[in-house]
Amino acid sequence: MLTVVSILTTTALFSLAMLLVLGSLLRSPVAGVREWFFANLAMVVSLPLLALRTAIPDFISIVVANVVMSLAGAFYYAGCARFLGRPVPWVRMLAGVALIGIAMIVWRYVDANLPMRVVASTTFNTIVCTAIGVILLRRRPRDRSPYNFWFAALMAFLFAGTQMVRGLYFMTLAPDESLAMLNSVWNISLLTVGAVVMPTLTMIAVMMVHDAMLAKVEHALNHDHLTGALTRKRFESITRDLLAAAQPARPLVLLLIDLDHFKRINDTHGHAGGDEVLRAFVQMAGDFVRPGDALGRLGGEEFGLLLPATTAADAAAMAESLRAQAEGQVVSGEFGSCRYSISIGIATAHWEDSPDRFNARADRALYAAKNSGRNRVASEETLPKLETEMEMEMELPAKAGRNSAQA
Ligand SMILES: Nc1nc2c(ncn2[C@@H]2O[C@H](COP(=O)(O)OP(=O)(O)OP(=O)(O)O)[C@@H](O)[C@H]2O)c(=O)[nH]1
């Protein structure tokens, strides 16, 4: 038969297992793991102390055990806050834990009252668990699957609910110190629900940590480490998707952007100076990127900007303003300071375009922009029409050829 001791012992063993799992994640760079680890450690310490009631001094099994158990809730909340990049209200939480300690001392040594001790600890748990559910739902990252966050929040609300009901139930009992009231069917049922919730919350925390690590890996795979722009592979995959979805009413435009005379910048300011210019350009271009647009680094100093649902006229205006902004930008750093300019080729997707052909048409425009003196914008639509693929291939020299021809 289930007793308070058997429930506390089982939960302590669950928490120990989760502690070991969290231990394996302590070295991960994800914020919050350390606090969740301490939350479980507090559970592992406090539950046996509660279970040892009558076998050890009351001060340990009542005051210390309840304070440490309250710390578990506070640490769990702190883990969530840190995981979500929010400040941890340590002062308020530790004040709450101190109040629990005072309540335990008063209702054990001044006015012995077991029901009021249960009410005090369940009130604290209800508040902390509600706060956990709220922060998880309100602050969850919008670019990740909401599943873990809803799951954890529902568990936190379930725990808050059972704690509240348990507190209300004990409020109806007469002041007493008889442990028999702990073994009532009501208390055992509510404790059983509570017993699965804390280890489950930790399991979800582990799922959230894995998801956060996956997000970091995905970000590293899809973004160029120097500039933060999308990688060429990711950019090409977005191009394919957007091309497939493009319609005459929602034209797709590609800007191919190349920094002018970048070799000279490297030669004058060193490779580190060149890197700084690349970073500054992407940061500046980021201000032009609207939700749904995609900016990728396609090679050394060549970038692509995809503009879905954009007319050729709007794209040309954006390109011109980007060019003017680059021309006016002064990049400074340890290397000194320098100016740079960009050339831009524009192409609007045709319904029959393959990604390669779309790119080649924008590249043709970029070549025209470079050829006519650099620091310009050229649109493929304004160039003489080419009839065949072969003509396009002949028209487009390899980039190296283009550069040497223009140097
Ligand atoms: N600093 C830095 N330089 C790079 C990077 N990737 C490529 N480069 C340099 O970029 C330069 C590109 O030179 P070119 O292709 O000749 O082009 P360009 O000098 O910009 O000439 P145009 O494009 O014709 O205006 C080369 O010197 C590469 O070494 C990078 O990540 N950092």
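The backbone N, Cα and C atoms fix where each Cβ goes, glycine too.
Please treat TrEMBL annotations as automatic predictions, because they have not gone through curation.
Note that the structure is a prediction, hence the values are computed from the model and not measured.
Pulled from TrEMBL:
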TRANSMEM  6-25  transmembrane segment
TRANSMEM  37-53  transmembrane segment
TRANSMEM  59-78  transmembrane segment
TRANSMEM  90-110  transmembrane segment
TRANSMEM  116-137  transmembrane segment
TRANSMEM  149-172  transmembrane segment
TRANSMEM  184-209  transmembrane segment
DOMAIN    250-382  domain 'GGDEF'
Grab the same-chain neighbours of the transmembrane segment (37-53) for me: Cβ-Cβ under 8 Å, and only residues 6 or more beyond its ends, written as numbers and ranges.
4-5, 8-9, 11-12, 15-16, 18-19, 22-23, 26, 60-62, 64-66, 68-69, 71-76, 78-79, 179, 198, 202
Contact call for the transmembrane segment (59-78) against the transmembrane segment (184-209), three or more Cβ pairs under 8 Å:
yes
Short question: which residues 6 or more past the ends of the transmembrane segment (184-209) have a Cβ under 8 Å from it?
2-4, 7-8, 10-11, 14-15, 17-18, 21-22, 25, 28, 30, 32-33, 36, 39-40, 43, 72, 76, 79-80, 83, 132, 148-149, 151-152, 155-156, 158-159, 162-163, 165-166, 169-170
Under the DSSP assignment, what numbers of helix, strand and coil residues are found in the domain 'GGDEF' (250-382)?
62 helix, 38 strand, 33 coil
